[in-house]
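Please read the structure below before turning to the comments.
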C-alpha cells in the first residue's frame with residue numbers, strides 16, 4: 001500500500017458500534033478480508049477513498065518544468081483605474097508622483113554612496129595602491145601588470161583613478177605605454193566588482209538573486225574572456241599600441257578645456273560635505289616621491305593661491321648654480337637666483353573630517369561602513385519601490401520596450417541599439433559602475449532580461465572609454481599624448497572584445513556562463529561570496545605573488561593549473577554533447593570523491609558550522625533549541641505514521657479532519673493512540 005501523503009496532522013478515529021463499519025475503513029491484511037470490505041461497502045453504496053502519490057507528483061512537476069530565467073509577470077493586485085472614482089484617481093496620481101520623487105531621491109543617495117565608497121577605498125588602500133606601482137621590474141611583466149590593474153582598481157573602486165595613476169607614470173617616463181596596456185585591461189576587470197557587490201543585496205529572494213547575480217557577473221565574464229583572448233595577442237603583436245600610435249601621431253594635439261562633468265555637478269555638492277580627497281598624493285607615491293608618504297589623502301585646504309617669484313637663495317657649492325651669470329659669492333656664501341613656489345592657504349574645506357585627528361585608515365573604515373549601509377538600504381528600498389510601481393500595464397510596456405526584438409530580418413538591430421543606449425547613459429553619468437549597478441536590481445526583479453542586459457553592459461564599457469577620451473583631451477600638454485593613447489587603447493580593447501563575443505549568438509559565452517553561475521549561487525548562496533573573493537582578491541594576489549618570484553615560477557605554476565582547467569571544461573562539454581566519444585571512466589565524474597565534484601558536502605559543512613555558531617555564539621539558543629525539538633518531534637511523528645498505515649485515520653482526515661483541528665493537536669501530542 002502506498003504511504004499516505006499528508007502525514008503532518010493525522011486524526012484520531014474512535015469508532016464505536018457496528019463492527020462492519022469499522023472493517024470497511026481498516027486495511028485488510030489478507031485477501032479475504034479485503035474482499036469482504038469491498039462487498040460490504042458495495043451494499044451500502046459507498047466507495048472507499050483511494051490514496052495515491054499522484055497529487056504530490058503533479059504538485060512538484062510545475063516547479064521542475066518552470067523556467068527560472070523567464071521574466072515574472074508582475075501582476076497588479078490593486079483596483080483598476082476604470083473602477084476608481086474621482087477622489088481615488090487623484091489619490092493614485094499623487095501616490096505615483098510621490099513614488100517617483102522618492103525613487104529619484106533614493107537613486108541620488110545610491111549614486112552618492114557609490115562615490116563615498118570609492119573615497120573610502122582610496123583612504124584604506126590608496127597609498128598601498130601607489131606603492132604597488134613602484135616596482136618597475138614587476139610592471140614589465142604583462143601578467144603581473146594585469147593583476148596589478150585588477151587589485152588597484154578594486155582597492156580604489158575607480159578605474160579612472162587607476163588610469164590617471166598610469167598616465168602620470170607614463171608621462172614621468174617611469175612606465176612605457178606597452179607596459180601600461182595590461183594594467184588598463186586589469187582596470188577594466190576591477191571596475192566590475194561594484195555591481196557584483198550590489199547584486200548581493202538581493203540574496204533574500206532566490207529567483208531574484210539568480211537573475212541579479214547573473215546580470216552582474218555577465219560584466220565580469222566578458223572582461224575576463226576578453227583579457228584571456230586579447231592579452232596574448234597584444235603581447236605577441238602589439239596591435240593596440242601600434243594602432244593607437246598611428247591615430248595619436250596623425251592629429252595635431254592641443255590641450256583643451258576640462259571634460260564635461262555632468263553627474264558630478266549634481267553629486268559633488270553633497271559628497272564634498274562628507275569627504276574630499278587629494279588624489280595627487282597617490283600619483284606622487286606612484287612616481288617615487290618620498291615626501292608624499294607622510295601626507296594625508298584627506299584634503300584640508302580647498303582654496304589656495306600658488307605664486308612663483310624669483311628670489312635670491314644660497315646654495316652650498318658654486319658649481320650648482322643655475323647659470324654662471326646668476327651666481328655671486330659673498331665671503332663663504334654663494335648666492336643664486338631661483339624661482340620659488342609659494343602656496344597661500346586661503347580657506348579650508350567644509351567636509352566632516354577637515355579638522356579630524358584620525359588617520360586615513362580610521363576615516364576610511366568609518367566611511368566604508370557608512371557608505372555600505374546607505375548603499376544597501378537604498379538598494380533594498382529601490383527594489384521594493386520598483387516592485388510596487390512596475391506592475392500590470394506599466395510593467396508590460398517597459399518590458400516590451402526594453403526586451404522586444406525587431407521583426408525579421410532586423411532582429412539583430414535591437415541589441416546594437418541597446419548597446420548604444422548603454423553607452424549614452426554611461427557617458428551622461430560619467431561612470432560605468434553607476435550604470436551597471438543601477439540596472440542590476442532591474443534585472444533581478446525581472447524588468448530587464450539577461451539577454452538584453454548583456455548589450456547594455458557592453459555599451460557601458462564603451463561609454464566609460466569615451467568619457468576617458470574626453471578627459472584625456474583636456475589634459476595638460478605634458479601628459480596629453482600619453483593619456484590620449486592609453487584612453488584609445490582602453491576603447492579599442494573593449495571594441496575588440498565586443499567583436500569577439502557579441503555579433504554571433506554562438507559567441508555570446510558570457511550569457512551562458514553567467515546563467516550557470518546564477519543557478520549555482522541561487523542554490524548555494526555562500527558561493528557568491530566565495531566567487532567574489534577568489535576572482536577579485538585571492539586569484540590576483542596569488543598571481544602577483546608568483547610574478548614577484550620571476551617568469552619561471554609563474555609559468556611553472558600557472559600553466560599546469562590552466563591546462564587542467566581547460567581540460568575540465570572540454571570534458572564537461574563532451575559529457576553533455578558527445579559522451580560516447582569519451583572513455584567509460586570520463587563519461588561522468590562519479591570516479592571522483594563527492595567533495596571534488598559537488599558543492600553539497602561543502603554546503604553541509606558550512607551550514608553545520610553556522611548552526612553550531614548560532615547555538616553557542618548567538619543569543620537565540622533557546623529559540624534554536626525549541627525549533628530543533630519541534631522538528632525532531634515532527635520527524636518522529638512522520639516515521640510513526642509511515643510504519644502504522646492506518647486507513648481509519650487516513651479516511652477520517654480526508655473526509656472531516658480539516659474541520660477538527662483540536663483533535664489533530666491532541667493526537668500530535670501523543671495523548672490519544674486509538675488510531676495506532
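Here the Cβ of each residue, glycine as well, is placed from N, Cα and C on the backbone.
Unlike curated entries, TrEMBL annotations are predicted automatically.
Note that the structure is a prediction, hence the values are computed from the model and not measured.
Annotated compositional bias 'Basic and acidic residues' per TrEMBL: 1-11, in sequence order.
Residues or ranges marked as compositional bias 'Polar residues' by TrEMBL: 12-27.
TrEMBL lists 1-45 with the feature region 'Disordered'.
According to TrEMBL, the feature transmembrane segment maps to 93-117 (among others). Beyond its flanks by at least six residues, the transmembrane segment (93-117) meets 157, 194, 263, 266-267, 270-271, 274-275, 367-368, 370-372, 374-375, 378-379, 381-382, 385-386, 388-389, 429, 431, 433-434, 437-438 of its own chain at Cβ-Cβ distances under 8 Å.
The transmembrane segment annotation in TrEMBL covers 138-159 (among others). With a cut-off of 8 Å between Cβ atoms, the residues of this chain six or more beyond the transmembrane segment (138-159) that come close are 117-118, 120-122, 124-126, 128-129, 132, 165, 175, 179-191, 193-194, 227, 231, 234-235, 282, 432-433, 464, 536-537, 539-541, 543-544, 547-548, 551, 554, 558.
For the transmembrane segment (179-200), the residues of the chain that approach it from at least six positions outside its boundaries are 114, 117, 139-140, 142-143, 145-154, 157-159, 162-163, 166, 169-170, 209, 212-213, 215-217, 219-220, 223-224, 226-227, 230-231, 234, 240-241, 375, 379, 432-433, 436-437, 440-441, 444, 461, 464, 486, 489-490, 493-494, 528-529, 532, 536, 540, judged by C-beta separation under 8 angstroms. The transmembrane segment annotation in TrEMBL covers 179-200 (among others).
According to TrEMBL, the feature transmembrane segment maps to 221-241 (among others).
Under the heading transmembrane segment, TrEMBL lists 361-386 (among others).
According to TrEMBL, the feature transmembrane segment maps to 406-428 (among others).
For 434-451 (among others), the entry in TrEMBL reads transmembrane segment.
Per TrEMBL, the feature transmembrane segment maps to 458-476 (among others).
According to TrEMBL, the transmembrane segment annotation covers 482-504 (among others).
According to TrEMBL, the transmembrane segment annotation covers 524-545 (among others).
Sequence-remote contacts of a segment are chain residues at least 6 beyond its ends whose Cβ falls under 8 Å from one of its Cβ atoms, and for the transmembrane segment (551-574) they are 141, 143-144, 543, 581-582, 586. Taken from TrEMBL, the feature transmembrane segment applies to 551-574 (among others).
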Practice prompt. Please indicate, using numbers and ranges, the residues of the same chain that are 6 or more beyond the transmembrane segment (524-545) and have a C-beta under 8 Å from a C-beta there.
Written response: 138, 143-144, 147-148, 150-151, 154, 186, 190, 193, 196-197, 199-200, 203, 209, 213, 217, 220, 224, 517, 554, 558, 599, 602-603, 606
Discussion item. What residues elsewhere in the chain lie close to the transmembrane segment (482-504), defined as a C-beta under 8 angstroms and at least 6 residues from its ends?
Written reply: 163, 166-167, 170-171, 177, 180-181, 184-185, 187-188, 222-223, 225-226, 229-230, 240-241, 243-245, 247-248, 253, 415, 419, 454-455, 458, 461-462, 465-466, 468-469, 471-473, 475, 510
Fill in: Contact call for the transmembrane segment (434-451) and the transmembrane segment (221-241): at least 3 Cβ pairs under 8 Å, seq gap 6+
no
Worksheet entry | Cβ contacts under 8 Å made by the transmembrane segment (406-428) with residues that lie 6+ beyond its boundaries | 262-263, 434-435, 452, 454-460, 462-464, 466-467, 498, 502
Worksheet item: Sequence-remote contacts (6 or more beyond its ends) of the transmembrane segment (221-241), Cβ cut-off under 8 Å?
Response: 142-143, 146, 177-178, 181-182, 185-186, 188-189, 192, 454, 457-458, 461, 489, 492-494, 496-497, 500-501, 509-510, 513-514, 535
